Amino acid sequence: HFARDQQRREMSHNCTVFERLYRRCFRKVLPETRKISPGFLFEDQLPTENPNRAYSNNVVRTTKYTILTFLPLNLWEQLHRYANLYFIFIVILNFMPDVSAYAKELAPFPVVFVLSLTAVKDAVEDYQRYKADKRVNKKKCIVYRKNEGGFVADQCQNLLPGDIVRLTEEEIIPADILLLHSSDPAGICYIETSNLDGETNLKQRGVALPTETRAGRRASRRRRGLEAEAFNPANFCYSLEVEQPHAEINRFEGKIRVDDNEDHDVSIHAENLMLRGCKLKNTETIVGLVVYAGQETKASLNNQGARFKRSKLEQQINNSVVWCIVLLFIMCFCGAIANGIWTASFSNPSAVIFLALVDGDSSSSPAMQAFINFWTYVIIYQAMIPLGLYLTIEFVKMGQIMYIEHDMQLYDPVRKTMAECKAWNITEDLGQIQYVFCDKTGTLTENEMVLKRCSINGMDYAEGKSPITNGTLNAANAPVNGAATLRSGKNHRDMSPVAFKSRDSTVQKIPMERLQRKVGQAAGAGESGQPPGGLFLVLALCNSVLVSVRKAQAAATASDDVTSTPRAPSGIQMSDLIGDDDEDNNGGGFGRQDDGPEAATSLRRERREARRRQRRANQELTDQELQAAYISDSPDEAALVSAACRLGVKLVQRGPHRCVVWLPGHGPVRVRLLHTLPFDSERKRMSVVVRHPLTKELTLLTKGADSAILSLLEAPQSNDPKSDEAKIRCHTELHLKSYANHGLRTLCLASRTLGSEEYADWLAQHRRADQSMSAGRGAALKRLACLLERDLQLLGVAGIEDRLQEGVQDTIASLRDAGMSVWVLTGDKQETALQVALEAKLRSSRQTLLCLNASESRADCRRLLNRFLDKLRRYRPPGAPEVSSENKSSSRIRPELALVVDGDTLKHCLNKPKWRRAAVNADVSNTVGGGEATFRSGAGTSRSNDTTAPAVGSDDPEQDDLRPDFLRLAEQCGSVICCRAAPRQKAAVVSLVKTKGVRTLAIGDGANDVNMIQTADVGVGISGQEGMQAVMAADFALARFRFLKRLLLVHGHWCYDRLARLALLLFYKNTLYCFLLFWYQVFNGFSGQVNIGQIYQLFFNLVMTSLPPLVMGILDKHIRADVLMANPVLYRDPMDSKGYQASHFWYNISDSVWQSLVMFMVPYFVIADSDWDIFSFGDMVIGAAVITSVLHNAIEVKGWMLVHWFSFVGSPIVGWILIAMCFSAICTNCLHPENPYYQIIRNLSNPVFWLAQAVVIPLALAPRAIYRAMDNTLSSSLTAQAMRLQNEPRYQANADMSKELRLPNGGFGIGEHDINRSMRMRSTPLLPRGSVLDTTLLEPSEQQQQQQQQQQHQSRKQES
């Protein structure tokens, strides 16, 4: 039921409000699967008799409104904003006779203006969506109609599930379509999914074929009419049973019901489904059947629209709005009480001047008058809640985003991409990031893999010019009389001698060229008993790499255009890409007509013509062109296949059921792919079952992580540690560790020979599980995959180099200098991650490394956490306060510590205990992968046995929550590295840190980083080599990791500072205006009358003073960009929210109260005992308010531009004087009781008016000017110091101010060497420098200490 509810939620995402309400009230219980029949079978029947019409049609509708529903629905959506509800309530109040304060004609104007402006924006956006939908729906497609004699043209919106369509190359797929036939002889086609997931690499899709034995496959096809050449859709009369629509684009399960026998059902998967929005590539024609259409397609279900996140500054602004509401009600309550007291002071209410009170009338009582005046004050003081606050902030953010997206410093000329902003409402959060979580591969590195090292038979092979050294591996790499695998008995006494040695060790490495010659010699010697280059055969076959002939031809053409140098032949002809015909080469699986010899003759004729076309282009391909033809979703796979190609084992062609591989000494060889077990994050490996090209045996080829492969190896035949097999295993493990220690990504490769009966039994079980549509289908398939992947024979290990991106070290150092904690969450093994972190300057060799590796049990993890925390409490700097275990806030960062955690330990640290799992908020556990941890009982599981463990939590370690202690330990370390982390574990770590109330940022480049990116407060996607899924899920998109420095330190600083000052300014203006009305109530008995004209009341905040804050929020630059980049320490001010604090809010409120008092009292005394009327007095007050608020805004501006002058001068002239003059010139008696005719013109020509302004403005602005001058001159904040220093001549060329910027605690913002300086200043070291703290070194023995000292001495010697 939960799964079906989730499906209904996904299906109803793009529905209207009424449709969702209808489905909620009258929803049906959907079955787990649905049945789809070919649509042409129902053409002769009534439309209501077509069962496919119960499903969604192919009409695309992304619009929100129609002509009839626009006004009510748009108004309904806008009423979800509480501010709009409040102001509509004010308008309703104003229409009540006893409460009204404004003219009924003008009262709705501000609200109508704001609602209309938003409605026009929504209407324009929705109309653009309508036009796009119309173009898509009216597009032509070719559909099979039986009654019309074949394929005909029809509109895409008329498609239904079950319709058969025909598509040609470069055509957009109109619906989710099951592939039935392809013009490619292998029955495959290629699609580009960039419109769906952003990936530009081609994906291969194949026709669904029955998983039968080879002997019975031809007979089965002949029985069903699938052997002939021409495809006839009329012969496809089979029904489909598929799962209900859902949003997972990489998952699709179903089956084709061929007949009543379930054993003949054909399973269909995501590899057979082409999704809507994809583009057909490199295939002339395909024919498919519509499975999902319209709103049920995966593209529509994944269209979630704009994401919404709330920034920290917005939360602070909302809190300030609440205080404004409190002030509003205090002012209204005080005015109502004062009015009641004033009214009660009259003995005869009817004698009160200007008030229509009647003796004996209940409505004339003081209490009733106080109640009525309360609501009158609510109308008068409505400006206390800033109506234009959120609208102004939205326009400001639009301008800030334009600046970010057009910043040429964030442009990557290689990928030709600019920065992209997808979330418009969190730009200010870029300036308040405290924790940065980043992936390693593709984020810190280039993700351009190169095979640098490999170990075969205990021999270490390396690139001759490889810069990698092997300083930690001390075992000799002498040749071992081994075999091609750990089980074979072939000797290798003829292995090549050592070519060179590492300059810093005795490790012997053999160049790759020797290995290439060795593979060729083995092939030439006719070693048919074992496959030549078995390891490279795994590299070439165990992958999903495609070979694009067109890409190879394009590369060849480009090469000819660039140079005329003849290309060296490689022995591969393009004619080899099209092989001989066999039973697999039929171009499709279903619906072929059996027309006898004529069809067979036509089939042979077409294939001969295909081979003739290939011979016309009978040019030889070089290895470079062949490597350029490889297309892969994963850079790892492309690198491994390219390396195998360079070493002689070349992947030439790949189809769904066979490959063509060029082997040394054998040439092109066809390899049958019997089954593929794809990679998943739990198994961490990929396998293929093939018929070996030479031995013709059933062989399982496997590659994966060392943690997933080494545990599956077959037990050694001999327990003798001196045997050749044991020596090979030992040398291989040493090489594996050496590769990881030098930052190489490691990969283990293995194989296994399968028996025919074993594989047949396994295949039968797999077929039954594959055809099952139950909920446990996925778990059953994984269990069967693990059943086959056992007793493996290790072929070797590979080390892949992935160099760091340019600017990574500087970016990480700057982020840490700015005060941010940088955590690396990676799926690589521990040694690799540590080496890359060292190269990226994420950690220092002088740091003490805390290794939290306790994967055995939860009790071990608890015990190790307690010991680490106890060490940190006991080893503290002199004079530092003791850290309490209950006080999390007392933890401080120790830059001399680095924490490394593996994936198994993360399960214990992040999973909630059993007894609290149902009672605690599931925010973290919902994102933790790997299921519930397996807890073991045994000796030492009780924490009472640990004398160093503090008494925290439960006595039972299995029921103890480790998350608080893990977080307390991690937040004290200067560097944190999480290794072997699954995607959901990455998100769980981010969620755990967010519980502290800090702002987090996650940056990644692949699909495995999407969970982490979406969980963080700010998500940044890198448009790298692994597609665009991370970019599409992120809030901001960058091309390089180094751009993160400018995005945060410059744009983040600017955006936060501008919006903080803008919000304070808007609160100031609204409070100023409200108190101008409040002071007048003191002189009129708090009767609710006002002295300011109604036109000014409506336009003061909306028009007269709105332009200067808008310009300041978009264009103001208080510190230059080069200064912010050169001094990362300046980021600490916005990080600590020093631009917007509660004290700033209340100071602005106090300042507005003072200014309003001056603006009211000075004109009051100036015109005392004169003939100035009330509204002329109001003109004098409002004039002072406009000029003062504009000058107040000018004081807050830090960087002046021409547009600033225009806004500050034009706002009072155009927004106030011209509007007021025009209104007074045309309005004679528009607004009762005031008469504005010619009033402002008379007042402006009176010298008394300007005399009052000359006194009011300086007196009102004096406190603000004095405070700002003192703050800019004497303030110790980093921002104020930088503003003072940036104008000095010596900082115009070199903006580095680190020697003069003084931190608030008295230190200097040198920044780059904070960690080393912290360790040098520590008089009592926490732990030995450079040591590794883990379970084995908590209580080191003397021998271990000696070994550690020797290693440190050796490392220092090597560095010198």
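Here the Cβ of each residue, glycine as well, is placed from N, Cα and C on the backbone.
Unlike curated records, TrEMBL annotations are generated automatically.
Here's what TrEMBL has on this protein:
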- 48-104: domain 'P-type ATPase N-terminal' (DOMAIN)
- 320-342: transmembrane segment (TRANSMEM)
- 374-393: transmembrane segment (TRANSMEM)
- Asp439, Lys440, Thr441, Glu637, Phe679, Lys703, Arg745, Thr826, Gly827, Asp828, Arg980, Lys986, Asn1008, Asp1009: ATP binding site (BINDING)
- Asp439, Thr441, Asp1005, Asp1009: Mg(2+) binding site (BINDING)
- Asp439: active site, 4-aspartylphosphate intermediate (ACT_SITE)
- 555-621: region 'Disordered' (REGION)
- 930-960: region 'Disordered' (REGION)
- 939-948: compositional bias 'Polar residues' (COMPBIAS)
- 1031-1274: domain 'P-type ATPase C-terminal' (DOMAIN)
- 1062-1083: transmembrane segment (TRANSMEM)
- 1095-1115: transmembrane segment (TRANSMEM)
- 1145-1168: transmembrane segment (TRANSMEM)
- 1174-1195: transmembrane segment (TRANSMEM)
- 1202-1227: transmembrane segment (TRANSMEM)
- 1247-1267: transmembrane segment (TRANSMEM)
- 1339-1360: region 'Disordered' (REGION)
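In the domain 'P-type ATPase N-terminal' (48-104), the DSSP tally of helix, strand and coil residues is 28 helix, 0 strand, 29 coil.
When the Cα of Asp1009 (Mg(2+) binding site) is compared against those of the binding-site residues Asp439, Gly827, Arg980, the shortest separation belongs to Asp439.
Non-local neighbours of the transmembrane segment (1095-1115) in the same chain are 102, 106, 109-110, 113, 383, 386-388, 392-393, 395-396, 399-400, 403, 1058-1059, 1061-1062, 1065-1066, 1069-1070, 1073, 1178, 1182, 1185-1186, 1189-1190, 1193-1194, 1196-1197, 1199, 1201, 1203-1204, 1207-1208, 1210-1212, 1215-1216, 1219-1220, 1223, 1231, 1236; each lies 6+ residues outside the stretch with a CB under 8 Å from one of its CB atoms. Cα spacing between Asp439 (ATP binding site) and Asp1005 (Mg(2+) binding site): 8 Å, rounded to the nearest whole number.
Local packing around the Cβ, expressed as the count of other Cβ atoms within 10 angstroms, is greatest for Thr441 among the binding-site residues Thr441, Asn1008. Here the transmembrane segment (1247-1267) sits apart from the transmembrane segment (320-342); fewer than 3 CB pairs are under 8 Å, leaving out pairs fewer than 6 apart in sequence.
Counting residues 6+ beyond its ends, the transmembrane segment (1174-1195) has Cβ neighbours under 8 Å at 1065, 1068-1069, 1072-1073, 1076, 1090-1093, 1096, 1100, 1104-1105, 1108-1109, 1112, 1155-1156, 1159-1160, 1162-1164, 1166-1167, 1204, 1208, 1211-1212, 1215-1216, 1220, 1234-1236, 1239-1240, 1242-1243, 1249, 1252-1253, 1256-1257, 1260-1261, 1264-1265, 1268 in the same chain. With respect to their backbone Cα atoms, Gly827 (ATP binding site) and Asp1005 (Mg(2+) binding site) stand 13 Å from each other. You'll find the Cα of Thr441 (ATP binding site) roughly 8 Å from the Cα of Asp1005 (Mg(2+) binding site). Straight-line distance linking the Cα atoms of Asp1005 (Mg(2+) binding site) and Arg745 (ATP binding site), rounded to a whole number, equals 17 Å. Each residue in the domain 'P-type ATPase N-terminal' (48-104) has a pLDDT score, and their mean in this model is 81. The Cβ of Asp1009 (Mg(2+) binding site) has 31 other Cβ atoms within 10 Å, all protein chains considered.
Taking each Cβ in turn and tallying the other Cβ atoms within 10 Å, the top scorer among the binding-site residues Arg745, Arg980 is Arg745.
Long-range contacts of the transmembrane segment (320-342) within the same chain, counting only residues at least 6 positions beyond its ends with a Cβ under 8 Å from a Cβ of the stretch, are 366-367, 369-371, 373-374, 377-378, 381, 384-386, 389, 1063, 1067, 1070-1071, 1074, 1078, 1081, 1085-1088, 1145, 1149. The local packing around Asp1005 (Mg(2+) binding site), expressed as other Cβ atoms within 10 Å of its Cβ over all shown chains, amounts to 30.
Taking Cβ-Cβ distances under 8 Å and a sequence gap of 6 or more within the same chain, the neighbours of Phe679 (ATP binding site) are Arg685, Met686, Gly704.
With the fewest other Cβ atoms inside 10 Å of its Cβ, the least crowded of the binding-site residues Asp439, Gly827 in this structure is Gly827.
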